[in-house]
Amino acid sequence: KDDVSSGSALNDGQWHSVDLISGRGRLTVMVDGDEAAAAHASPSFVITAGGQLFYGGCPSDSSSQCMNPFRAFQGCMRLLTVDDQPVDLIQVQQRLMGNYSHLQIDMCGIIDRCSPGRCEHEGGCTQSWTTFRCNCSGTGYTGATCHSSIYEQSCEAYKHRGNTSGFYHVDVDGSGPIRPQLVYCDMTEDQTWTVIRHNNTELTRVGGGARHSAHFEYASDEEQLAAIIRQSEHCEQELAYHCRKSRVLGSAEGSPVSWWVGGPDGGQVQTHWGGASPGSQRCGCGVQQNCVEPKHRCNCDADRAEWSSDSGLLTHKETLPVRSLVLGDVQRSGSESAYRVGPLRCHGDKNVWNAAFFDKETSYLHFPTFHGELSADISFLFKTTSSSGVFLENLGIRDFIRIELSSSTEVLFSFDVGNGPLEVSVKAGFPLNDNRWHRVQAERNVKEATLRLDELPAATQEAPADGHIHLQLNSQLFIDVSASFRPGSSVSFTLEEPDSSVLPSSSSSSSSVHSENISLSFRTSQSPALLLYVGSDLQEYVALLLNKQDQLEVRYRLDGSREPEVLRSKVKNLSNRQLHRVSISRLADAVSVQIDQNSREDFNLTSDEEFDGVRTLVLGRVHNSDGLDPELSQLASLGFAGCLSSVLFNSISPLKAALLHPNTSSVTVTGSLVRSNCGSTSANQNAAEATHHQSGQSGSAGTGQPLVNAIRSDSALVGGVIAVVIFVSVSALAVTARFLYRRKGSCQSPEVKTVKPEDSPELAFSSQTSSQNGPTESQREYFI
């Protein structure tokens, strides 16, 4: 066996030529016509063209003596010749010559995974047949696509990590295009100062002679300087001028004899000096009216033979930094002066302390559409006393992105770019609803999604190979709401289209569902009670209900000819007027149920695994009970009295559609549905009714803006305070999210005084569904 090799870096996705020449006992291999780099060998055997030639690899059968030294070739070949005669691949395809296997002829389907480049911040790209990798060494960024900065965004962030004064790299825009910069962080004072030096911060003396000019070069470039100043709450720079027979401004009528240039984009001429305001043509003493000679606006304008000074701080950010200085009155006999321009000093990080407080049912935050098609990162701080809820979400026609507190110990990051929902979660070994600050960092790129919580190890989920990569959103970034139900209230969500977003992307060709994820939060004193019903055209359904024993039941009927299967949780006392969180997940015949922080309960179905003809999702009273078993039909007619929030069926959010977009398609609202904290007030005897139909049909309640394929989530982060810092890559658009607060309230028995109308603007709901049930309760709800 003889090995002959030639060429290098041949896996670059470009065409290369290979010549194999044999003759007179010599074998030559030449790549890309480079004779100087050709390899030669003298094999001990004779090579002839009359034998079998295998291109690309050896057959998998053992009939030939050909053995692959490694994997078979993956790529494209063209212009094959043997003894200077071209090989007609069309004849090979027609089986008229030779043979082939697993080959596509007359095309080249190679994918160059490094063009266009997906590696950010000048990261190097290497690729294999199936994937690409980014080399982030020396870029200051990390992650699968070099998206996330390895540095903090401000000196204040370093201080919160426990660092002390020193030089640090800060990346002002995080994953954005602005490069990290080296600054000095002064943490010796109450404020944390970011200090950016220039080439001359020392006191500089100026003797007699011509007009003196000085230019200052900063360690940071223009974009970095502008970002630091823009992000900081306060910036300042010392400008000191010491003089003896050397004026600053001169006479009040003439032009200033000295000036400086400052501000962004090269700056503008400034005629005010330290301690004065822009455009005032004064020094600090002129503002304070304590100059050595009251008729002058600066001490140095007194033109005295003894030393004097005009010194102070420049604090107007639009005039910073100082870029140059011109001293015009230094050429006279006896004139002397000295100046000092200190470093640029800034403190306060606007991105850290942009907290918001949500304490009313009408509180919400809307932001422009989240732009992060190929990569995005989101980070924020939150604190709450709630056990679950949505931090933020943004929707598209089908795509969505969402971050939520799925339980008191778990944060969930989910999104869909067209390959079906993908979820990443981090479970903490401690409560997250402890009213302390917690940090969440989420990143999504074309290769993977990661989620970090505090200092816990990051969770990562790889993206599907060769799947969709563009996250396309078109609605506002917003946060959800809760609602109160009365016995006659009903929210019905109709799925007309076979490829509705309720279905997994893999099942887009039919309305059959082999898996579903259901979650909701509820509060009620009603028992029994129907919480949620999802039905089909084939009399199949899934229903969530509370039975007479105050236990949760999940009823599956996936075969219309059989009786429903009842999955009963062991958790009791669920109609105790407390907020409870329910999560149900089914994959084929395996069903898991979790209630609050109780242990997960697992069940197995014995019937069909396909939920066929999924059509309607109902919250509250079910008006059409055809196909239901008698017990469920009776329960469905009673309706539900209580509070619901965070209702989610796969990616469908019916409650959000009903509350935030009442004049849209796909949703029918009947009876009283109140966006409320579920406080106690007198009942409204005149229940409202509004009906909305699927897109393309008429609606009796008027028209509104179309709902974007159904709002995809209806949950509120119920309770809490969130400090949000969101940085989106792509266009370096910063997107901020919000935090929520749990409104405290007290429950009162029916015997307690009636609440006056002015005490609460919300409508009450009645928990009385039958003579066995108690009267109206006073409740509280989590809301925004």
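Just so you know, glycine gets a Cβ as well, placed from its N, Cα and C.
On a predicted model such as this, the values are computed, not experimentally measured, just so you know.
Copied over from TrEMBL, here are the features:
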- 765-777: compositional bias 'Polar residues' (COMPBIAS)
- 1-108: domain 'Laminin G' (DOMAIN)
- 110-147: domain 'EGF-like' (DOMAIN)
- 146-198: domain 'Fibrinogen C-terminal' (DOMAIN)
- 354-500: domain 'Laminin G' (DOMAIN)
- 490-678: domain 'Laminin G' (DOMAIN)
- 680-702: region 'Disordered' (REGION)
- 750-784: region 'Disordered' (REGION)
- 716-741: transmembrane segment (TRANSMEM)
Distal contacts, the domain 'EGF-like' (110-147) - CB-CB under 8 A, six or more residues away: 11, 13, 74-76, 169, 171, 175, 179-180, 374-375, 377, 443, 445-448, 450, 465-466, 729
Helix-strand-coil residue split for the domain 'EGF-like' (110-147), DSSP-based: 0 helix, 10 strand, 28 coil
Mean predicted confidence [pLDDT] for the domain 'Laminin G' (1-108): 80
DSSP-derived helix, strand and coil totals, residue by residue, for the domain 'Laminin G' (1-108): 8 helix, 19 strand, 81 coil
